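Residues annotated as transmembrane segment in TrEMBL: 12-30, 42-64, 76-94, 154-177, 183-206, 218-237, 249-268, 288-307.
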Amino acid sequence: MVADSTDLRWMATGLILIVSFAGVGFPFFAMRSNERLFEAVWFQLMRVLCTGLVVSVALLHVLADGEEYLRNVSTTYPVADAAALFGIFVMVAVKEMGMMALKYVKQHTTPNGNGLEEGLINKGVDHGEFGHTHGLPLIELHDMDLSGQPLRRFVVYMMEVSIMVHSVLVGVALGVLQRRVAVLSLTAALLFHQFFEGLALGAVAVKSGFSFRGSWHLFLTFTFSCPIGAVLGIYFAKQYDPADPRTAWTLGMLNALAAGTLLHIGLVELLPEDFRECKDCHNQPPRWASLLALFFGGMIMAILAIWA
């Protein structure tokens, strides 16, 4: 008979909550103590490391979980990969619709509607702020007084939702475990997993202009997402059936879609910016150091994938 692990799962839930808050809050607390934090070489390297974490989490944790769930219900078609691809396309579509909405707001909040043309770029232009080139007419974001950096903030929101979905599902997986050894192993992995995942989210949010007071939603959603999933898992442990096709489809598709969104954020939004050349920056880390940080960030989650 399997020993009851309910007490252990509740303790694990509390520990994960504390570690999650520490991870997402660290960049904000560090920023409050040092206003020139962005210029520090160590912080720039930490951002690159966090980008490696985001991409690695997407492929080795989120997508891998989706594939494991869907493998039991579909053996002839790569459903998880297709769902991840769809998640990438959804991210692109939502981002473009967001830009269209920003253009609309700018046009209708400018006297006589004539200010829009001043913010349009009629040919491909490299936005130093984002580190990649757009070939379609876009609005220069610095001409738009819409909460500072709207596109950056949008990226943070999408990243937040993707991580939240995965964290809830991982929490459910912890909550339904019965064997104490399995609970201990997964808890140890999740403590590191949640800390570094929160660190990545917090670093991107700080870079995107979120203030400490204006980031309460980041703290709440990330800190409580995995514990809420664990509580749900504990509560529904008796009814939870991982062999149920409906359960497999639901959890698998949600994980795969979240993986596609995280891949787009990591590879399209974060990575090019981390490696763009800034002529006005005097404390940029060497390229070799940034590459090492990127590989190290990916390696952390790759090692954790052995147990998580």
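Keep in mind that glycine also has a Cβ here, set from the backbone N, Cα and C atoms.
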**Report entry** Cβ contacts the transmembrane segment (218-237)/the transmembrane segment (288-307), at least three under 8 Å, sequence gap 6 or more
**Finding:** no
Query raised in the report: Okay, the transmembrane segment (76-94) and the transmembrane segment (12-30): do they have at least three CB pairs under 8 Å, pairs separated by 6 or more?
Result: no
Query - Most Cβ pairs under 8 Å with the transmembrane segment (154-177), selected from 42-64, 76-94, 183-206, 249-268, 288-307 - result: 249-268
Query - Beyond the flanks of the transmembrane segment (76-94) by at least 6 residues, Cβ under 8 Å - result: 63, 66-67, 69-70, 158, 252-253, 255-261, 263-265
